[in-house]
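Take a look at the structure set out below.
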Amino acid sequence: MAVVIRQTNIIWMLFVACSGVIDITMAHQKDSVEVDDSKASNKGTNLSALNTSVNVSSNLKRRKSRGNSKANQHIFYPSNTSSASQTLGLLHEIQAIVLSSWRIKWELLVSFSPFFFVLLAFVAFLLWNGSVVLGAKEAHAVSPHFAQIMYFSIVSALFAAPLHFTIGHALDLFQSFWKNRLLGFLLLFLASIASLLSVHFFSIAHPYLLADNRHYTFYLWKKIIKFHWSMKYLLVPFYVYSWLSIFRLLGKTRRRIWTLVYFFATSAVLIPAPLIEFRYYTIPFYFFILHSSINDSQSWLLIGILYTVLNAFTMTMFLFRPFHWDHEPGVQRFIW
């Protein structure tokens, strides 16, 4: 049903399927590690008992026998390696998922077969329709709108401002970079370059955006982004900070591979869209909020107040600030 209502929801269906595969395979990997640890522990216990009996049979002192037993216990009881999955790097997580997926391939195929059938139906629709777009295909042609993911990041950060723009969170983000300064600042540099290239070469002003002054995006584009030629470049640090903040918050509750898949899914939905619309950001924003670590009531309270103010502003502008177009009769109203 979601794919029927909006075709790009096929991306989010695949994202949900990937998320399920990640959870199942990593849980299977953890269980395998725990079984190996249990076998190693049993082997260590048996060898420890064998060494103790050898020491007793050789008429050594009881205190020496106890010392050897403790030494053997130390050797055969290493620290629990089942927690190693929490510190695996991205490449190790990918390797673990691939290996585990191959071992339980038939179980995964049965579990996710409904997703596969929907995907086949969507491919059949593409072959029949000729593209993913219904209706005015010329007005919604696929475009390399890389700046779109920059807009999404800052909109998402502003709509969850109590999570992103606090001194404590900024310090936490800085410390996470400072722990591995070389890699952290290299990623920061690459993200800044990619953002600059995106806004310079791939900022698209759709004709619908420029022609319809009922939408708030019209005024954001005209009053902020196009206020001065340098504005789109001056906003790049805010775009980069917003994405890094999103990654940091998701990284507290989700694995690196999950966060990477989330970024790819968001990019796959937003980059081909030439028109800037807040509704395009709804689903990735919901996924971000649902998987963020919001544990304190203060953040929820501040977010609730923020949304109450936004809703009150939206209703006030819609109900009490109507206007008219010279070229078209009727009342026009401000909408998102």
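Using N, Cα and C of the backbone, Cβ positions are placed for all residues, glycine too.
The feature signal peptide is assigned by TrEMBL to 1-27.
According to TrEMBL, the transmembrane segment annotation covers 108-128 (among others).
For 148-171 (among others), the entry in TrEMBL reads transmembrane segment.
What TrEMBL records for 183-209 (among others) is transmembrane segment. Residues 139, 143-147, 149-150, 176-177, 215, 217-218, 221, 225, 232-233, 235-237, 239-240, 243-244, 274-276 of the same chain, all 6+ positions outside the transmembrane segment (183-209), place their C-beta atoms under 8 angstroms from a C-beta of that stretch.
Residues annotated as transmembrane segment in TrEMBL: 229-250 (among others). Residues of the same chain lying 6 or more positions beyond the ends of the transmembrane segment (229-250) and with a Cβ under 8 Å from any Cβ of it are 147, 150-151, 153-154, 156-157, 163-164, 169, 172-173, 176, 188, 191-192, 195-196, 199-200, 203, 258-259, 262-263, 288, 291-293.
The transmembrane segment annotation in TrEMBL covers 257-280 (among others).
The transmembrane segment annotation in TrEMBL covers 300-320 (among others).
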